[in-house]
């Protein structure tokens, strides 16, 4: 069953309208042309209404009214369709016309009173219920509904006092009771939205204001308020959607138009920045993000998003100082921002501050231990910390972790020339030089090989026998010749047991 059909079912099951319609179905038309055609429209409209096909039913009732504008029952049927479609404003004139044509038709008056009550028009509802009870003193529905009106009046009056005193939560409770009966009263929803805003429940406020765009005709102010609320909580796309609805009603609206221009420009900057990030063009992304910060420097959600992306971009650029600075600014705004913690941890790894990297990854893991990249990052940072306490090939060559291969080769040649054992005379000095020379050669072997370097960068020493699952010696258990200086005339032979 569709929602539309379900709505009709509930409406028709709560009040026996179909019974009334069927009982009166063959009551003659008064003076309309083509009575057979009119009756056919009424019959088809009633069948379609019972089946929940509201739009088709409505078209038949329109045609019947055009053919016979003085048939009260046709207006009542059309009002029933309007109510089933949630169009109470359109239903009211039809119900009033029914009462005008047939004042003793109690069911129409009850229906109109129900609509007035839902719209919050308490005086009008009260008058209709009392008229029903004057004619039918035992009408249970009228008595029950009438009993709600005075408590609602008192609740609304008390709510106004509470809002003046800043008792927002108490006011929300009373307004909720009133709205339960006056579901189509925009003023009550607007009051409750204000209360929700005061206690920081922005999305609940939005949910109250949005329906009012339909409760009042051409309600541009409500569209603007909803758009601004979405904007203030960082929902930029939703903000643009709502403000466009405002501009459809009034293209030059004094509030909606400038807000639309501002939000659209910010959205364009964000889309451009994200596209640049996706393409790996991080410098260009940073330019767009800094422009976004200048355009919107106040609202927390946008400042946080911009700084988070700047933090990530500098990390990808391996710009350690700027990455650390921007990630720290993000974490000052949101200390539990997992991605900022990850980005700063990875930047700390670049800076070889492994203890800090472990701290950031550990905090991110404590916040959410179900994120795979956080768990893997924490394990890597711990391996690197442990590794740094042993042999660090980057430190041996005196290069940064992001050094290129030619920088590694240059550092290796310089150190190998400096520590070549032929440069030393005493046996003690030669032994020290040999040990140092072997470390330099090992560092070059690992860092100049992309596969071995990747293992080392992930916390695994490819020359460590324990980590490789065997007693691997990078030079074997035999002598080896290597000439680190190419054609520079050096040649040195080592023998190992």
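A Cβ is built for glycine as well, from the same backbone N, Cα and C atoms used for every other residue.
Please treat TrEMBL annotations as automatic predictions, because they have not gone through curation.
Residues or ranges marked as signal peptide by TrEMBL: 1-31.
Here TrEMBL flags 38-71 (among others) as repeat 'TPR'.
The repeat 'TPR' annotation in TrEMBL covers 72-105 (among others).
Among the features that TrEMBL reports, repeat 'TPR' is placed at 106-139 (among others). Averaged over the repeat 'TPR' (106-139), the predicted model reaches a pLDDT of 94.
Residues or ranges marked as repeat 'TPR' by TrEMBL: 220-253 (among others). Counting residues 6+ beyond its ends, the repeat 'TPR' (220-253) has Cβ neighbours under 8 Å at 186, 193, 197, 202-203, 205-206, 209-210, 212-213, 259-260, 263-264, 266-267, 270, 299-302, 305 in the same chain.
Under 8 Å from some Cβ of the repeat 'TPR' (266-299) lie the Cβ atoms of residues 231-232, 234, 236-237, 240, 305-307, 309-310, 312-314, 316-317, all in the same chain and six or more residues away from its ends. If you look up TrEMBL, you'll see 266-299 (among others) marked as repeat 'TPR'.
Feature annotation from TrEMBL assigns repeat 'TPR' to 338-371 (among others). DSSP places the residues of the repeat 'TPR' (338-371) in helix, strand and coil in these numbers: 27 helix, 0 strand, 7 coil.
Marked as domain 'J' by TrEMBL: 392-460.
The feature compositional bias 'Basic and acidic residues' is assigned by TrEMBL to 449-458. Counted with DSSP, the compositional bias 'Basic and acidic residues' (449-458) comes out as 8 helix, 0 strand, 2 coil.
Look at TrEMBL and you will find 449-480 tagged as region 'Disordered'.
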List the helix, strand and coil residue totals of the domain 'J' (392-460) as derived from DSSP.
51 helix, 0 strand, 18 coil
